[in-house]
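Below you'll find the structure, written out as C-alpha cells, and then a few comments.
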C-alpha cells in the first residue's frame, strides 16, 4: 500500500510517495510546489503517480490552502488525513500549555527527530532547529517530552522588516562574516548570529534542565545557511517531517 506524505508550509508544498506507510519505507517519487502553483498538481506531477493507498499530511498555511490541496487529491480514491498536535503521539508527549495549538509541522518534525535519536542509541535530550520562513527551536527531554521551544523570524522576514522600516537598506544579500565591513554582509551576519544566539541559549537551558548535552539536529530549506554559524555541531537532516508522518501513519494503522 503506497503512502503519500504532504508537508504544506508557509510558502511551499512538499510531497513524497513511499512504497508503504512505515518508518524507513522506500521513496518512490517526490516534489515541491510553491503555494501559488498547487492548483496544477492534479494535471501535473500528481497525474503521473500511482494512486496512493493512504495519505497523511501536515499544514500550517491555513484551511483555505488545505482545501485547495484536497481538491487536487480528488483524482484518487484516498481520504485526506491531516495531523493535529495532541497531548501524546508516537512516543512523544506534548508539554505545550494548549497541546492542540502547537503547530502541526513542529509536532511532526519532533516525532521524526525523536525516532532518529532512538535509532542511534540510548534516549537523550534533543534540540531541533527548523529553518524556513520562520525558525523554530524545539527542546525534548530524554523521556520524550516536549518541554518548550522558540519561534523566531527567518532571514527573509528579518531583512524585509529592516528594509521596510529603515531607509537605504535595499541591498543585495551578503555573506556571513566574523567582522562585516559592508551593509549586505552586516545584515546577513546579523540575522544569522541572532538565530545562532537564540539556539545556543536554548541548548544551555536543556543542559541545565536535563543535566546532559542534547543531540542537536537541524532541518528546513535554509538550514545549510545557518548550520556553519552554530556554536556547536548540528546534524543536518532533510526529511524530518516526512519521517514523522511515516512514523505516525505506521502507528495509527497498526492500532486501527
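Keep in mind that glycine also has a Cβ here, set from the backbone N, Cα and C atoms.
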Problem - Candidates 133, 136, the one Swiss-Prot lists with 7, 8, 9, 10, 11, 12, 13, 14 as binding ATP - result: 133
Completion exercise
All chains considered, the count of other Cβ atoms within 10 Å of the Cβ of residue 11 (ATP binding site) is 13
Exercise for the section: Have a look around residue 13 (ATP binding site) and count the other CB atoms within 10 A of its CB, chains all included. Expected result: 23
Practice task
Enter the number of other CB atoms within 10 angstroms of the CB of residue 105 (active site, proton acceptor).
Solution key: 26
